[in-house]
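Chemist: Starting off with a structure, shown below.
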Amino acid sequence: MKKGSLAPNLKLSLPPPDEVNLSKFLTESGTFKDGDLLVNRDGVRIVSQSEVEAPSVIQPSDNQLCLADFEAVKVIGKGNGGIVRLVQHKWTGQFFALKVIQMNIEESMRKHIAQELRINQSSQCPYVVISYQSFFDNGAISIILEYMDGGSLADFLKKVKTIPERYLAAICKQVLKGLWYLHHEKHIIHRDLKPSNLLINHIGDVKITDFGVSAVLASTSGLANTFVGTYNYMSPERILGGAYGYRSDIWSLGLVLLECATGVFPYSPPQADEGWVNVYELMETIVDQPAPSAPPDQFSPQFCSFISACVQKDQKDRLSANELMRHPFITMYDDLDIDLGSYFTSAGPPLATLTEL
């Protein structure tokens, strides 16, 4: 791959906010509207095609939760788009995560947030973080999410440095079930699978979160071609700007598992003490160099084979989530009673939760 040939039109940092006023997305009643999506202080609703032009107003009675029901406990995450607070329901005492995103941002980012709300509204899976309700008020979107008290897999990895194979298999099995649901039931490519987007809790659950850059396809064989997501975990076909499918998420999963097993990101910079000069250098390495592999002298043949099945350079050669669930690396531990809950809690309190927006 020639220097400078890498997706020349890509913008690797957010452009300054555009001139489109937020009022473009608001109805006369102050409801945030994007196509079939309506969000106001009373909740969120997806309207039918016949209602898009003249949708009815969301009523408070449509939803069981409202922002006034929650009391802020502390800030547990910050990002460019806003903050995440730990909140407690005043009447039940239950804890939730409240993600608050200011909407005075560029139009494309508002579109991403609207897409995230649609996916949150329609997804119901034990391996995907639950979104209970969303609101729009005072220029901000607020999303009530399931609180995962173990933080993210990235937080956990900072504490334990590496994760043994048997625990990785149990973690991976849950992630694969979540990906199977997204890919085959909802036709969604996550497009930003990474350790910080996998959340854990004290009972051993592992759940996928953050659908801000996800794509919804028309079918299980559909393709996308938009360049979004975290560059480190991006598949070669996505970096090259070509069409890609659900197996781009499988590439990302392979890198995540290899990082968890070895304790380091699979692609090392030429000068280890200096890091990558820029993101283009990293992406050119991902495209030009052979795919990373698990050192056979450190890991089982089953794990090495699993990683290889995930990080094939040609997406057609990668196994699907469903196929990977039958891989020996996953099935070899089926008879063992692997207590992820105890393993997660043994490392102590989480460093943070939902640290990226």
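Cβ from N, Cα, C; glycine included.
Quick paste from Swiss-Prot:
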DOMAIN    70-330  domain 'Protein kinase'
BINDING   ILE76, GLY77, LYS78, GLY79, ASN80, GLY81, GLY82, ILE83, VAL84, LYS99  ATP binding site
ACT_SITE  ASP192  active site, proton acceptor
Chemist: Helix, strand or coil at the residue listed as 'active site, proton acceptor', per DSSP?
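Modeler: Where the residue listed as 'active site, proton acceptor' sits, the three-state DSSP reduction gives coil.
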Chemist: Given a 10 Å Cβ-Cβ cut-off, pick out the one of the binding-site residues LYS78, GLY82 that has the most other Cβ atoms nearby.
Modeler: GLY82
Chemist: Taking every protein chain shown into account, which of the binding-site residues ILE76, VAL84 has the largest tally of Cβ atoms within 10 Å of its Cβ?
Modeler: VAL84
